[in-house]
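> Handing you a structure now.
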Amino acid sequence: FAEFDDAANLLAANPDATTISIDEPVEIPKNQHSRLQEPGREEDDELLGTDDSDKTELLAGQKKSAPFWTFEYYQTFFDVDTYQVLDRIKGSVFPVPGKNFVRLYIRSNPDLYGPFWICATLVFTIAVSGNLSNFFIHLGKPTYHYVPEFRKVSIAATTIYAYAWLVPLALWGFLMWRNSKVMNIVSYSFLEIVCVYGYSLFIYIPTAILWIIPQNVVRWVLVVFSLCLSGSVLVMTFWPAVRDDNRRIAVATVATILLLHALLAVGCLAYFFDAPELDIPVPIIPAHNGTTVVTKSH
């Protein structure tokens with residue numbers, strides 16, 4: 001209370017005097033620090049997620065302290081609600097230009113629930129749609145007997161799940177390697193990359209259903225449209241992470257990502273929907289003069 005007594009005595013002697021407390025910290029305007037930064041760097045940091053998102057990631061990593069051999073450790077990867085999954089699906093189908101998918105949807109809580117079920121749904125969609133497409137192509141031919149090809153399910157599952165796990169693993173290792181060479185490169189976690197790839201495959205589910213239409217022009221238009229949407233999500237996500245690297249390496253990395261993504265779509269279309277037709281034998285038609293006539297169709 002000595003400070004208040006001194007202030008009272010000072011005001012009594014000089015009513016116009018003002019008092020200043022030395023215990024009060026001097027507040028620095030928040031915009032003063034931002035003025036010292038470069039004009040375009042703040043937007044770059046936001047896209048890369050190097051400010052508050054890194055703190056959020058560290059806090060999230062502290063929460064996941066359970067050992068990896070316990071059920072609780074893997075339970076955290078599926079700790080999402082329906083609204084979060086639908087929001088991330090919407091973000092993968094309708095990408096926002098100039099916005100990072102990881103920064104907007106994934107980094108706060110990356111999950112494996114959405115990618116797992118999206119891949120599973122895509123596997124059965126491609127297998128079933130491929131069988132239906134084959135059935136409709138040969139519908140009406142008297143010598144055609146429909147036999148469902150269940151092996152397409154295993155082939156589609158192997159292809160899609162290998163792509164959704166092995167490609168992110170290779171990309172994650174590449175980003176970690178380049179991060180040791182170039183300090184400005186931001187490396188995503190393996191879980192974040194898997195999450196991005198899993199949600200980017202959602203657009204192929206309705207596309208595979210529409211591939212039943214037996215028109216090659218329609219199918220290729222759908223392929224190009226799906227590649228533009230899902231490929232833009234991958235480009236806007238991984239380009240900010242490699243753009244500070246060597247120019248050729250950065251362009252080659254993004255081009256490889258798009259090439260592998262396109263090979264998946266084109267390969268599924270070519271194998272499951274555009275398989276070459278086999279020669280269908282036509283039964284022998286007996287002629288009236290005792291000879292036989294054999295016709296062949298291609």
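Backbone N, Cα and C atoms are what each Cβ position is placed from, and that goes for glycine too.
Take a look at what TrEMBL says about it:
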{"type": "COMPBIAS", "residues": "41-51", "note": "compositional bias 'Acidic residues'"}
{"type": "DOMAIN", "residues": "93-265", "note": "domain 'Yip1'"}
{"type": "REGION", "residues": "22-53", "note": "region 'Disordered'"}
{"type": "TRANSMEM", "residues": "112-133", "note": "transmembrane segment"}
{"type": "TRANSMEM", "residues": "153-177", "note": "transmembrane segment"}
{"type": "TRANSMEM", "residues": "189-214", "note": "transmembrane segment"}
{"type": "TRANSMEM", "residues": "220-242", "note": "transmembrane segment"}
{"type": "TRANSMEM", "residues": "249-273", "note": "transmembrane segment"}
> What same-chain residues lie close to the transmembrane segment (153-177): Cβ under 8 Å, and 6 or more beyond its ends?
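The answer is 115, 119, 122-124, 126-127, 130, 185, 187-190, 193-194, 196-198, 201, 238, 241-242, 253, 257, 260, 264, 267-268, 271-272.
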> For the transmembrane segment (189-214), name the stretch out of 112-133, 220-242, 249-273 with the most CB-CB pairs under 8 Å.
112-133
> Where does the mean pLDDT land for the domain 'Yip1' (93-265)?
88
> Within the same chain, where does the transmembrane segment (112-133) have neighbours whose Cβ lies under 8 angstroms from its own Cβ atoms, ignoring anything closer than 6 residues to its ends? I mean 6 or more beyond.
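Same-chain contacts beyond the ends: 77-78, 80, 85, 88-89, 148-150, 152-153, 156-157, 160-161, 164, 191, 194-195, 197-199, 201-202, 204-205, 208-209, 211-212, 214, 268, 272-273.
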